[in-house]
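This report concerns only the one structure given below.
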């Protein structure tokens, strides 16, 4: 046992000579002069402040966005070292961070799926803003801007929100058939991602009322109710988001709430006098230089482009739907929305196609 303890403690005592800052090692090749020499770090006597917007920054799928971040010293002074900047993406519960970008001076490194899409914007004095190009659905969330000057380390958070739409999704085989991982997959197959709680709450604020429980991106199961009723939690409960809390991601099964944002292309409708089967519909879209649209494409076109068509059409998952922006007679309920005929095994319909710009 003494030999084992000695073998364990020796590396701890001798091998941790690199300075360590909040999950990122700044080793000897990344000092101020870049000459491979270690450098002692001293407190400069000034307080470091980091500031980001208190209001969310909004963007859409495929756009470029800047997350503002600035820093200053009190009392005012010029930094004697190159400032170290780190951007991280946070989880909703702040328990885990995902590295986005680290920069020292003019040298920066982006990580993961942010490679080639994330860079610093330092046009102004003491600016540490982050530019994300080709924004993706998964980019929605909170980001930490961390500025490090020697022993001084301060940070603040920016909330990036994608303008989009939440839609409930049920697979062809029926209600409550998806575990968490299957829910993630079906949303991706529909050109979307699992919605976050904030996205579901925003959709509820905008009028979403749905009595079936569905997975959210944090592994909880919830559903939005605008009009309380007996089958949906009871008449005695106020309107709001009903929650089942966290569920077992493999064993428990529910529906899914998916989130889709702006389109990078257009959705259009094709028809044939005799209608089309699903396979014929897919071929018709291909012949038009497009693909059969996914559910997320249709919802986004309805929400952001005002797509309005009182003709039912096939979608990629085998469902038949149609979007109504201006309710009218013989086109379903009196409210705008995407109407669904379910997943017919037979029948001939038109088709909604999607073409990238």
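Glycine is treated like the rest: Cβ placed from N, Cα and C.
Since we're looking at a predicted model, the values are computed, not measured.
Every protein chain shown contributes to the tally, and the Cβ of residue 232 (disulfide bond) ends up with 19 other Cβ atoms within 10 Å. The disulfide bond annotation in TrEMBL covers 211-232 (among others).
Per TrEMBL, disulfide bond is recorded for 310-331 (among others). A 10 Å cutoff on Cβ-Cβ distances gives residue 310 (disulfide bond) a total of 15 other Cβ atoms nearby, all chains included.
Per TrEMBL, the feature domain 'Ig-like' maps to 62-158. Taking DSSP states H, G and I as helix and E and B as strand, the domain 'Ig-like' (62-158) has 6 helix, 52 strand, 39 coil.
Mapped onto DSSP helix, strand and coil, the domain 'Link' (165-260) counts 22 helix, 30 strand, 44 coil. Feature annotation from TrEMBL assigns domain 'Link' to 165-260 (among others).
What TrEMBL lists as domain 'Link' is 266-355 (among others).
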Practice prompt. State the Cα to Cα distance, in Å, between residue 310 (disulfide bond) and residue 211 (disulfide bond), rounded to an integer.
Written response: 26
